[in-house]
Amino acid sequence: MGQCYYNETIGFFYNNSGKELSSYWRPKDVVVVALGLTVSVLVLLTNLLVIAAIASNRRFHQPIYYLLGNLAAADLFAGVAYLFLMFHTGPRTARLSLKGWFLRQGLLDTSLTASVATLLAIAVERHRSVMAVQLHSRLPRGRVVMLIVVVWVAALGLGLLPAHSWHCLCALDRCSRMAPLLSRSYLAVWALSSLLVFLLMVAVYTRIFFYVRRRVQRMAEHVSCHPRYRETTLSLVKTVVIILGAFVVCWTPGQVVLLLDGLDCKSCNVLAVEKYFLLLAESNSLVNAAVYSCRDAEMCRTFRRLLCCMCLRRSSHKSAHYTSSARTGASTCIMLPENGHSLMDSTL
């Protein structure tokens with residue numbers, strides 16, 4: 001092992017990798033931070049809403065919704081991590097200590113890994129549900145909790161490894177350009193891992209699609225409901241295309257540049273697009289809430305009830321006359337009878 005540089009500054013490693021470390025706010029930095037702050041706030045709000053909906057509605061206390069809740073938690077964490085990045089980027093990067101830089105990078109790596117791993121877990125759970133001909137799988141809660149724990153252990157492992165061993169502080173010739181303190185091999189492994197997850201998701205959802213199409217087609221032959229068969233098939237195709245399409249659009253550009261940098265492509269100008277592709281990957285945490293939650297009719301109804309309650313409670317501070325009716329509406333929209341349906345009246 002060669003000489004280690006634990007006492008050097010961030011600027012030393014950026015100069016070594018050839019990555020510019022600006023001492024002032026460039027227009028490009030301002031645009032990236034403005035977009036990043038906007039995306040982060042939206043990610044935080046939407047995923048908080050998803051978590052609140054799952055926690056407040058007993059009908060969502062099923063394995064698939066536990067995993068959706070974990071996805072929302074991972075994406076919420078990603079929003080916090082990216083928000084932290086936005087407040088420690090640009091000229092502020094040079095003022096970071098080595099531990100501060102590894103903390104900034106570790107938060108991102110951990111949250112995004114947890115999000116991607118949960119997407120795969122959801123695909124596997126849906127496959128199990130479909131094959132068992134159940135709306136929601138009967139997977140025991142203990143096994144769901146264990147699956148979630150495994151996801152976070154793997155995410156924490158990938159997030160903490162660079163700070164403890166998978167860095168280039170003792171091998172400057174192995175430093176990447178996009179992340180000047182990390183080894184190129186780490187970037188390559190991270191990119192290939194995400195690619196493997198995507199391929200597994202493609203395999204799982206393809207199997208689900210063909211299984212459901214065959215089953216619905218056989219049912220259609222017996223009951224002569226071909227229009228319904230076409231509608232079900234098209235709906236399934238639409239869902240699969242949205243899920244896989246969102247993953248490809250948000251993740252592929254970033255994974256490509258990570259892999260190119262990890263393979264030490266000298267002619268590839270990865271630094272010109274890295275910040276925008278990272279922002280695109282972060283936006284997947286916003287897209288997930290729409291793809292996996294907002295397409296659920298019951299989830300959308302729960303969103304409306306929660307937002308309705310918030311609006312009614314907020315307006316109750318403006319008018320004494322309106323306070324009484326607003327509080328009545330707020331209490332009405334959160335009451336659930338034994339059958340799980342909300343009690344709503346004309347005030348809503």
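All positions are counted from 1 along the displayed chain.
Here the Cβ of each residue, glycine as well, is placed from N, Cα and C on the backbone.
Residues or ranges marked as transmembrane segment by TrEMBL: 30-52 (among others).
Residues or ranges marked as domain 'G-protein coupled receptors family 1 profile' by TrEMBL: 46-292.
Beyond the ends of the transmembrane segment (64-87), by six or more residues, the same chain brings 33, 36-37, 39-41, 43-44, 47-48, 50-51, 54-55, 104, 107-108, 110-112, 114-115, 118-119, 121-122, 125-126, 129, 136-137, 141, 144-145, 147-148, 151, 155, 282, 285-286, 288-289, 292-293 to within a C-beta distance below 8 angstroms of the stretch. Sequence annotations record features per position, and here TrEMBL assigns transmembrane segment to 64-87 (among others).
For the transmembrane segment (107-124), the list of distant contacts is 64, 67-68, 70-71, 74-75, 77-78, 80-82, 84-85, 147-148, 151-152, 154-156, 158-160, 162, 190, 194, 197, 200-201, 204-205, 247, 251, 278, 281-282, 284-285, 288, 292: same-chain residues at least six beyond its ends, Cβ to Cβ under 8 Å. If you look up TrEMBL, you'll see 107-124 (among others) marked as transmembrane segment.
Here TrEMBL flags 144-166 (among others) as transmembrane segment.
Summarising the annotation, TrEMBL assigns transmembrane segment to 186-210 (among others). Counting same-chain residues at least six beyond the ends of the transmembrane segment (186-210), those with a Cβ under 8 angstroms from any Cβ of the stretch are 109, 113, 116-117, 119-120, 123-124, 126-127, 130, 158, 161-162, 166-167, 176, 178-179, 236-237, 240, 243-244, 247-248, 251, 255-256, 258-259, 261-263.
TrEMBL lists 236-260 (among others) with the feature transmembrane segment.
Residues 116, 119, 178, 187-188, 190-192, 194-195, 198, 201-202, 205-206, 208-209, 212-213, 268, 270, 273-274, 277-278, 280-281, 283-284, 287-288, 291-292, 295 of the same chain, all 6+ positions outside the transmembrane segment (236-260), place their C-beta atoms under 8 angstroms from a C-beta of that stretch.
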